[in-house]
């Protein structure tokens, strides 16, 4: 698959939660080597990173985060949230991010899946959020709009976010994974679809790509669970971030796609041991989803930053008294907007070490 972009328009952002990235980087070398890579080390990780040579990359650690962000923010760039620092300091048009426990997948014919190329294809082709096409992505090779699809909507809209999927270990929550401990996803569906407007989606940060200037400020590391751990099913930061970015996309008339590309997610963690940590997040979602379903942003909010400020104020007003985690999330969202305006939008960037 040929890319309709220049190599210098893409940053690969990796949050490093484990120290030895040798296998991970070597497996991804065919896809990553032509692009700039940003690796953000989890501030809680004490060991030195092991990274093979042959990549154009910058590595950021706790000293860099402290220098750029300072102590005046409520945002914690720890655990999976460390990758958001990479989103902040990147200056590229497109960002692609995969977890460090994921490897390239193979399609049913045995060919290696180029996740980077597929994400870029998703982002550079229009999305169709206002009318569902039953042949999925009408811009894919061999596809088109079906009979009855309005010609006035066939131009589509900008796709701002691409959400890929996973083979082997699917992104279940801890209760589901504990109940179905041996279940693995081997189903490869060769399709991409636009998520309809006003439909929420549990966006997983495991395998995503986005246009930075279009929605970067909406990908916000805000919701931190009290017992948050280092396994995906012990966190909710990406789910909260995804809900934020989806309602912002709906408001601004942008598209979100899901489906291809697949990655291979390796087994990691103990879901039964994680149940206590994530159960807080499972219960919170019962309050969070109705809230996001009801949020309507004012017409005056015409930028991503303005939209996030409106959402943060609504979170504080309507959810803040229910649980302290929501009040903290609202403050983190406002702090993130300030950071994005002062650091993420500036022409200068800090030196990486």
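Cβ coordinates come from backbone N, Cα and C, glycine included.
Where the annotation comes from TrEMBL, it is an automatic prediction and has not been curated.
Database features (TrEMBL):
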CARBOHYD  147  N-linked glycosylation site
SITE      147  site 'Required for activity'
SITE      154  site 'Required for activity'
Rounded Cα-Cα span from residue 147 (N-linked glycosylation site) to residue 154 (site 'Required for activity'), Å: 12
Spatial neighbours, same chain, of residue 147 (N-linked glycosylation site) - Cβ under 8 Å, 6+ residues apart: none
Surrounding CB atoms that lie within 10 Å of the CB of residue 154 (site 'Required for activity'), all protein chains: 15
